[in-house]
Each structure stands twice: as structure tokens, then as C-alpha cells.
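The annotation signal peptide is assigned in Swiss-Prot to 1-20. Taken from Swiss-Prot, the feature disulfide bond covers Cys25-Cys54, Cys28-Cys37, Cys46-Cys71, Cys77-Cys100, Cys88-Cys97, Cys101-Cys106, and the record attributes it to similarity to another entry. Taken from Swiss-Prot, the feature domain 'UPAR/Ly6' covers 25-107. Taken from Swiss-Prot, the feature N-linked glycosylation site applies to Asn45, supported by sequence analysis. Annotation comment: Swiss-Prot describes Gly115 as GPI-anchor amidated glycine.
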Amino acid sequence: MWVLGIAATFCGLFWLPGLALQIQCYQCEEFQLNNDCSSPEFIVNCTVNVQDMCQKEVMEQSAGIMYRKSCASSAACLIASAGYQSFCSPGKLNSVCISCCNTPLCNGPRPKKRGSSASAIRPGLLTTLLFFHLALCLAHC
């Protein structure tokens, strides 16, 4: 029961007037062949307090690499990325990888020669965030 109390407290903090949270992401809703949608014309402002993450989907096909990027809610993004995890084999034909991140323009081009991105959400954290989101929803039902 104390978990719901904590969840309600966090909900109150995030939904206070004046504390609107908005993130910018790269967005190309239709798959783009060999175009990673990372130029300025693909930058969009996501829906305030609803779409709090950026999502990137990469499909490797015989014709080339297909990209789709968008804003997403944390729940939708985490569910999609977890659902496709078994299909993600970078460098292999028909691989489908979906990743989520929560910093501005984080679904854009990869940084040159650096380690893994600190903003990328790790698989163990996916479950924690999903359960936290469910607790928040239960607190408001």
C-alpha cells in the first residue's frame, strides 16, 4: 500500500500546473530507406506530459536499412521495445530493433566512437519503469 502512496506523491509532482515536461525527438512515421531521419526537418516537439520518450525502430532488409522514429509514451515505448527484443540482431537480415530514450533528440544519429549512451534505457530498468508506470496508473484509477 505504501507503494501506491509513493506513486501518488510522484504523480502529484509531475502533474502540478507549470511543471509541463516536453521533449524533442526526431520523427519519421513512414519507414525511410537508408535515411536515418536525423536532419533538422525531422525534429518535432512531443506532446507535453504524454509523450515523454523518443523511440527508434531499425529494420535490416535486403533492400537496405529502414528507419522509423517518433515520440512515444514511456509505457508504449517500453512495451514495444521489450516485445521486439528477441528479433533484434544488428547486422543480420530481417532484424528489427526498437529502442527508447528520454533525453532531447536522443533517437538521432549515434555519437562518434563513444561507449554506450547514458540516456539509453537498460533492459533491467525497463521492467522497473513499467511497474512504476502501472503503479501510477493504479493510483489514479
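Note that Cβ sites are derived from N, Cα and C of the backbone, with glycine treated the same way.
Of all the disulfide-bonded residues in the record (Cys25, Cys37, Cys77, Cys88, Cys97), the one with the smallest CA separation from Cys106 (disulfide bond) is Cys25. Residue counts for the domain 'UPAR/Ly6' (25-107) under DSSP (helix as H, G, I; strand as E, B; rest coil) come to 16 helix, 35 strand, 32 coil. For the pair the residue listed as 'N-linked glycosylation site' and Cys25 (disulfide bond), the C-alpha distance works out to 7 angstrom. All protein chains shown were included, and the count of other CB atoms within 10 Å of the CB of Cys88 (disulfide bond) stands at 15. Taking the Cα atom of each, Cys28 (disulfide bond) and Cys88 (disulfide bond) are about 20 angstrom apart. Confidence across the domain 'UPAR/Ly6' (25-107), taken as the mean pLDDT and rounded to a whole number, stands at 91. Here the candidates are the disulfide-bonded residues Cys25, Cys46, Cys88, Cys97, and by Cα distance the one nearest Cys37 (disulfide bond) turns out to be Cys25. The Cβ of Cys77 (disulfide bond) has 26 other Cβ atoms within 10 Å, all protein chains considered. Ranking the disulfide-bonded residues Cys46, Cys54, Cys71, Cys77, Cys88 by Cα distance from Cys101 (disulfide bond) puts Cys54 first.
When the Cα atoms are compared, Cys77 (disulfide bond) and Cys25 (disulfide bond) turn out to be 13 Å apart.
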